[in-house]
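TrEMBL lists these features:
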- 80-119: domain 'NADH-Ubiquinone oxidoreductase (complex I) chain 5 N-terminal' (DOMAIN)
- 136-354: domain 'NADH:quinone oxidoreductase/Mrp antiporter transmembrane' (DOMAIN)
- 47-68: transmembrane segment (TRANSMEM)
- 80-102: transmembrane segment (TRANSMEM)
- 122-149: transmembrane segment (TRANSMEM)
- 174-193: transmembrane segment (TRANSMEM)
- 214-235: transmembrane segment (TRANSMEM)
- 247-266: transmembrane segment (TRANSMEM)
- 278-298: transmembrane segment (TRANSMEM)
- 318-340: transmembrane segment (TRANSMEM)
- 371-395: transmembrane segment (TRANSMEM)
- 401-420: transmembrane segment (TRANSMEM)
- 427-449: transmembrane segment (TRANSMEM)
- 469-492: transmembrane segment (TRANSMEM)
Amino acid sequence: MNSLLALLHPQVVYAPQLAIALGVILLALLHGFLADRRKFKASALTLSTFTLIAAALAGFSVAMAGPVEWVLVDWGWGQLSILLDALSCIMLGLVGFLGYIVTRFSLNYLEGDPGQQRFIQWLCATQGSVVLLVISGNLLLFIVSWMAISLCLHQLLTFYPDRPGAKQAAKKKFLISRLGDACLISAALLVWLQFKSLDFSVILAPAAAAKQPLLPWIAGLLVAAAIIKSAQFPFHSWLPDTLETPTPVSALMHAGIINAGGYLILRMSPLLVQVPGALNTLAFIGAFTALFASVIMMTQSSVKKSLAWSTVSQMGFMMLQCGLGAFALAMLHVVAHSLYKAYAFLSSGSSVRQATVSWVPTSRPAAHPKILIGALLAALMIGCGTCLLLVDHVMASPGELLLAAVFVMALAHLLWTLWSSSMRRRLLTWGLAIAGLTAVTCFTLHAAFSSVLQSALPLYHPERTALDFILMSLVMLLFLAVLVFQAQLPAWGTHPRFSRLYVHAANGFYFGTYLNRFTQKLGL
């Protein structure tokens, strides 16, 4: 059986992957010559379906025969290759599924629009670039696809050229993306100088990455490229301003493309764990971004604006997970957030109608300290009990223990919300059941992802210094402060100082305004 799989492996897996990566872009370029609208729609759907099938084949092959790298072109001094392992297969399946859903939605959403064919052309090109990024086997192909994603997305962001807001947001995105490209290219140059290779199989080998003099610079540039790509503070302001594009673009961007920075960190994690300082910096920036964006999100009245700031916050939390070394948990976060955010944007048009027919409490009083403490204790018992039963190694990792504490705070907020409602007696029982089920589900999925990705992602349990524990304690206190802030929001709503803070937060503390002025000075 193994010999048969080894014989069929290249034909069954590599050919579909290569066909997807190149076929998507070729088909996108040929869309302009497809005059028959039926053929045009069928080609787009066939392409998305083919991606799903190839992802399933890749996952089956890797599960049976293990990760494999296939060299496409070898120039002697370097090569282009694709890499199929557990990490790339999970991402490929996610990209294929989201691409199919967004493509189906787009065909109906833009029905009758004169630019529909052009839109699908660039949508397919963007998806093809993401597929290339996911299956890249070295930094050269990774950088090419990284830049191609940005350039194709720019065409989608400017789909309505008569909208000044869309053009301004696209300009900001273009400017910030070039800064991220420069960081990644600089990192690749240093990687070549240090390792004389750009292949992941070479530079990510444990023996190769140990105690290299240029490694801190490489890690710093990789972290910088990731935080810029994933809209982390202070490079975040362009993302909430890109909402004048068609809804499918928002869904694809917030559910897929924004994860590219996180995927870079996960792919390069065997190298980054050699530089704890870089991961600590990533964790601090991610935590600050998550809290900063969550405060702004609470003040937004627009459904899409709230979702956009939610994406910034969620990407910050994902970066916090990566910085703490919880790579499998970060991958789970990527999958869960992508599925949720795609659904949220594609269904955002019906949010107002749903709000008018659903039960919404007219007001909610501020949380009494005893209620908040009780909710925290109940959530603590549920979270810790589930953690000890399912993932006992969490207690041995300070980073994952911090994430478990943040999860307990989220459960406490759920329980407090139910207790504060007028139907608290009826809802509290269900709330406890839902909280317990949520805890079991999350920790079970964490254990499953850790098992599947153990060969692709490194274990990170460094010796923690006093500074590390101080930083983790500070992060925990900041998350607790946001929980208390949200609980006391109704009581503080009429305070003059809070009113001023509310106005500043509703405007994103004016980072977008300053960047707009900067781009105008540059003549963009």
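From the backbone N, Cα and C atoms, a Cβ is placed for every residue, glycine too.
Any TrEMBL annotation is an automated prediction that lacks curation.
Source: prediction; values computed, not measured.
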Do any residues of this chain, six or more beyond the ends of the transmembrane segment (174-193), have a C-beta under 8 angstroms from a C-beta of it, and if so which?
139-140, 143, 146-147, 150, 154, 203, 214, 217-218, 221-222, 224-225, 228-229, 235, 238, 261, 264, 519, 522, 524
Pairs 6 or more apart in sequence, C-beta under 8 angstroms, 3 or more of them: is that satisfied by the transmembrane segment (278-298) and the transmembrane segment (214-235)?
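When sequence-distant Cβ pairs are counted, the transmembrane segment (214-235) touches the transmembrane segment (278-298), since at least 3 lie under 8 Å.
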Could you please provide the mean pLDDT value for the domain 'NADH-Ubiquinone oxidoreductase (complex I) chain 5 N-terminal' (80-119)?
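Mean pLDDT across the domain 'NADH-Ubiquinone oxidoreductase (complex I) chain 5 N-terminal' (80-119) comes out at 86.
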Select the range from 80-102, 214-235, 247-266, 318-340 that forms the most Cβ-Cβ pairs under 8 Å with the transmembrane segment (47-68).
80-102
Do any residues, 6 or more residues outside the domain 'NADH-Ubiquinone oxidoreductase (complex I) chain 5 N-terminal' (80-119), come within under 8 Å Cβ-to-Cβ of it, and if so which ones?
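Here the qualifying positions are 13-14, 17-18, 21, 31-32, 34, 37, 40-41, 44-45, 47-49, 51-52, 54-56, 58-59, 61-62, 67-73, 127, 130-131, 134-138, 140-141, 156, 159, 199-201, 246-248, 251-252, 255-256, 263, 266-267, 331, 334-335, 338-339, 342, 346, 452-453, 455-457.
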Restricting to the same chain and to residues at least six past its boundaries, which positions have a Cβ under 8 Å from a Cβ of the transmembrane segment (247-266)?
87, 91, 94-95, 98-99, 102, 105-106, 109-110, 123, 126-127, 130, 133-134, 142, 146, 149, 153, 156-157, 159, 180, 184, 222-223, 225-232, 239, 272, 282, 304, 307-308, 311, 315, 318-319, 322, 327, 330-331, 334, 337-339, 341-342, 345-346, 348-349, 457
Please give the sequence-distant neighbours of the transmembrane segment (318-340): residues at least 6 beyond its ends with Cβ less than 8 Å from one of its Cβ atoms.
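Contacts of the transmembrane segment (318-340) (Cβ under 8 Å, skipping residues fewer than 6 from its ends): 87, 90-91, 94, 98, 226-227, 230, 232, 255-256, 259, 261-263, 265-266, 269, 273, 279-287, 289-290, 311, 397-400, 402-403, 445-446, 449-450, 453-454, 457-462, 472, 475.
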For the domain 'NADH-Ubiquinone oxidoreductase (complex I) chain 5 N-terminal' (80-119), jot down how many residues DSSP puts in helix, in strand and in coil.
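So the domain 'NADH-Ubiquinone oxidoreductase (complex I) chain 5 N-terminal' (80-119) is made up of 28 helix, 5 strand, 7 coil.
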